[in-house]
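Over in Swiss-Prot, the protein carries these features:
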{"type": "DOMAIN", "residues": "199-394", "note": "domain 'Peptidase M12B'"}
{"type": "DISULFID", "residues": "C310-C389", "note": "disulfide bond"}
{"type": "DISULFID", "residues": "C350-C373", "note": "disulfide bond"}
{"type": "DISULFID", "residues": "C352-C357", "note": "disulfide bond"}
{"type": "DOMAIN", "residues": "402-488", "note": "domain 'Disintegrin'"}
{"type": "DISULFID", "residues": "C460-C480", "note": "disulfide bond"}
{"type": "TOPO_DOM", "residues": "691-776", "note": "topological domain 'Cytoplasmic'"}
{"type": "REGION", "residues": "757-776", "note": "region 'Disordered'"}
Amino acid sequence: MLPGCIFLMILLILQVKEKVILGVEGQQLVYPKKLPLMQKRDIGHTHDDDIEETYEEELMYEIKLNRKTLVLHLLRSREFLGSNYSETFYSMKGEAFTRHLQIMDHCFYQGSIVHEYDSAASISTCNGLRGFFRVNDQRYLIEPVKYSDEGEHLVFKYNPRVPYVANYSCTELNFTRKTVPGDTESEGDPKMKAIHNEKYIELFIVADDTVYRRNSHPHNKLRNRIWGMVNFVNMIYKTLNIHVTLVGIEIWTHEDKIELHSNIETTLLRFSSWQERILKTRKDFDHVVLLSGKWIYTHVQGISYPAGMCLPYYSTSIIKDLLPDTNIIANRMAHQLGHNLGMQHDEFPCTCPSGKCVMDSDGSIPALKFSKCSQNQYHQYLKDYKPTCMLNIPFPCNFDDFQFCGNKKLDEGEECDCGPPQECTNPCCDAHTCVLKPGFTCAEGECCESCQIKKAGSICRPAEDECDFPEMCTGHSPACPKDQFRVNGFPCKNSEGYCFMGKCPTRRDQCSELFDDEATESHDICYKMNTKGNKFGYCKNKENRFLPCEEKDVRCGKIYCTGGELSYLLGEDKTYHLKDPQQNATVKCKTIFLYHDSTDIGLVASGTKCGDGMVCNNGECLNMEKVYNSTNCPSQCHENPMDDHGLQCHCEEGQAPVAWEETLNVTNVAILIVVLVLVIVGIGVLILLIRYQKCIKLKQVQSPPIETLGVENKGYFGDEQQMRTEPILPEIHFLNQRTPESLESLPTSFSSPHYITLKPASKDSRGIADPNQSAK
């Protein structure tokens with residue numbers, strides 16, 4: 001006992017002494033030199049230009065360390081503080097005061113070492129350079145001697161072999177979380193389906209009274225300390241495409257709000273209960289951390305619930321905050337967060353190239369990488385538990401307006417963006433210009449392979465169910481086409497169910513998910529229990545009041561199963577034993593009451609068949625025509641109708657839907673075009689006729705009529721010679737091709753020398769015989 005007390009006293013003395021950092025060896029005095037930017041980046045603004053910012057968006061510092069010159073390239077962190085960030089303090093009387101801050105200007109940066117492929121940095125420039133940087137497998141801590149970014153600084157070298165405070169140890173509360181059945185919201189969300197898509201964790205941190213008193217001067221010391229930790233954690237989790245964002249802090253000024261027990265597991269249970277009952281009522285977050293400065297937990301430095309993320313009670317952890325080095329504390333925070341995301345301790349052969357992994361059990365020095373084992377465990381966690389709370393983006397709408405090459409986002413004018421040149425690992429993208437390298441057609445996407453777009457027809461998203469369809473590459477885009485599936489209401493599993501959002505929900509499958517593969521749906525008699533109106537038998541819950549089912553809806557309330565083992569989900573099981581009068585046998589009706597993301601997953605899932613042409617929807621058994629707005633798809637497609645997330649009707653390849661509305665629209669457009677063409681042609685003809693008439697009148701004025709002797713025709717009565725202005729001709733050529741009948745109607749004064757051709761008269765069949773001559 002006495003040696004232990006002496007050891008603790010020595011550690012306390014060491015922490016009080018200035019610039020003594022445990023866990024490091026050696027120190028070197030350096031003078032960082034601020035460098036001008038080699039190329040000014042095109043940076044968008046997310047706020048008013050009138051607001052003058054104290055801290056620049058991009059910085060470069062030169063540090064001469066161990067006879068080598070390092071150039072530190074830093075970009076101001078943009079996503080480690082949420083738009084709804086708040087701070088809560090307590091008065092002497094225990095009253096809580098909360099203020100909401102719009103943080104537009106801060107001094108926290110992330111970056112890398114120029115020309116060092118494997119490097120990283122998490123730095124604060126508030127009062128000099130303070131933080132962490134890594135070059136290959138060597139890690140450094142930098143601290144200012146004076147409050148200046150170009151004055152004296154000390155650089156410490158982390159050494160995992162140097163003993164400090166106590167060998168790191170953590171623990172997990174012993175409980176098991178079973179796979180959460182797929183709910184329609186998370187299953188239909190493309191972000192949840194794509195494991196590698198961005199996820200977001202809204203983090204809230206509570207500091208106990210001891211941590212507050214140790215960091216109360218200057219007044220913003222504790223805030224900057226916590227911000228530095230979160231900036232470090234954010235940098236670590238970016239490698240998993242997770243953005244860890246701080247949405248608030250609470251400082252237990254003057255007294256702790258729970259009793260901090262000597263047993264850390266007991267303290268975790270108390271803190272979990274407090275945050276769910278009190279903290280959750282005034283702040284939304286995904287995970288909460290308690291920073292405790294008490295010397296009561298022996299060698300254990302942290303604790304959390306395994307795979308507890310997004311469960312209101314279990315998304316909690318405790319971190320022991322006893323060291324002056326924030327990087328060590330932040331690394332422990334990242335470690336416990338990993339447990340909450342389903343990761344376990346790394347043991348051989350689970351290793352990292354740089355030597356240390358985030359999930360190493362010793363946690364002796366800061367680590368930035370996750371082993372392949374940890375990555376696989378996290379991906380399996382996403383598939384098993386579907387943590388939908390990680391989908392909402394905690395940034396303002398205009399956050400993406402901040403555009404520049406190197407932000408790992410595809411901005412306007414960019415072909416690719418793999419991050420800063422020192423961090424880029426994409427062989428297809430030029431990190432300096434954010435354009436594809438010569439000869440390449442893509443940099444990323446499900447339809448991009450070896451920097452080339454896959455050929456058309458390559459499957460990029462296989463079918464997950466008989467109600468789903470595989471998606472294939474188009475041959476001209478690196479992205480996989482939008483997910484499409486069979487129309488809602490299409491019969492599936494031998495008519496046991498109907499397709500719903502690409503799945504075929506049945507009671508049999510839901511029972512096996514809730515309990516185990518041996519479980520199946522129980523007898524129909526069980527569903528009469530849904531008329532009771534309690535948490536084990538109801539259809540709807542309004543303000544914590546369980547409403548009984550109407551007779552027509554009993555099969556859409558709680559689901560009742562038989563067989564299988566007891567559920568290991570965090571919920572309550574209930575088994576009824578009912579008498580079946582027809583078979584004179586006892587029937588087991590097993591159900592469960594469990595909330596997941598504010599939804600009782602013990603209810604019959606929406607889309608489950610409850611009768612012919614009937615499906616469950618929010619505790620009611622309804623006709624599919626009332627539930628689905630795409631039930632007319634089978635009438636539009638000959639067979640195999642499809643649907644998508646927008647409930648739009650499609651047909652499989654080779655079929656064309658009878659889109660009457662679209663056909664009518666096309667017909668109307670065609671008619672309109674024809675009418676317009678006819679009108680234009682008519683106007684043109686009218687103009688030509690007017691010009692033609694004017695031309696005739698003009699010629700009549702310029703040339704007098706030509707009198708032509710009539711041709712002798714014995715068809716006339718007598719031998720009288722007639723003088724006519726209208727010649728009788730064997731051939732007449734008019735531009736407008738008049739008929740003989742129209743010629744007979746011409747006026748006797750008509751004369752047109754330009755359009756009538758005169759030819760010698762000849763005897764032909766058109767001549768009229770002289771009756772006198774015939775008589776002779």
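Backbone N, Cα and C atoms are what each Cβ position is placed from, and that goes for glycine too.
Taking the features listed in Swiss-Prot, we show where each one sits on the structure.
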{"residue": "C310", "record": "disulfide bond", "DSSP (3 states)": "coil"}
{"residue": "C350", "record": "disulfide bond", "DSSP (3 states)": "coil"}
{"residue": "C357", "record": "disulfide bond", "DSSP (3 states)": "strand"}
{"residue": "C373", "record": "disulfide bond", "DSSP (3 states)": "helix"}
{"residue": "C389", "record": "disulfide bond", "DSSP (3 states)": "helix"}
{"residue": "C460", "record": "disulfide bond", "DSSP (3 states)": "strand"}
{"residue": "C480", "record": "disulfide bond", "DSSP (3 states)": "coil"}
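In terms of DSSP secondary structure, the domain 'Disintegrin' (402-488) contains 0 helix, 17 strand, 70 coil. A distance of 10 Å separates the Cα atom of C373 (disulfide bond) from that of C357 (disulfide bond).
Here the disulfide-bonded residues are C310, C460, and the one whose Cβ sees the fewest other Cβ atoms within 10 Å is C460. Averaged across the domain 'Disintegrin' (402-488), the predicted model reaches a pLDDT of 89. Note: the CA-CA distance between C480 (disulfide bond) and C357 (disulfide bond) rounds to 33 Å.
Among the disulfide-bonded residues C310, C389, C460, not one has its Cα within 10 Å of the Cα of C350 (disulfide bond).
Taking the Cα atom of each, C352 (disulfide bond) and C389 (disulfide bond) are about 29 angstrom apart. The candidate set comprises the disulfide-bonded residues C350, C352, C357. Of these, C357 has the most other Cβ atoms within 10 Å. For the pair C310 (disulfide bond) and C357 (disulfide bond), the Cα-Cα distance reads 25 Å. Taking only the Cα positions, the spacing between C460 (disulfide bond) and C357 (disulfide bond) is 32 angstrom.
Residue pair C389 (disulfide bond) / C357 (disulfide bond) shows a Cα separation of 26 Å. The 10 Å shell around the Cβ of C480 (disulfide bond) contains 21 further Cβ atoms across the protein chains shown.
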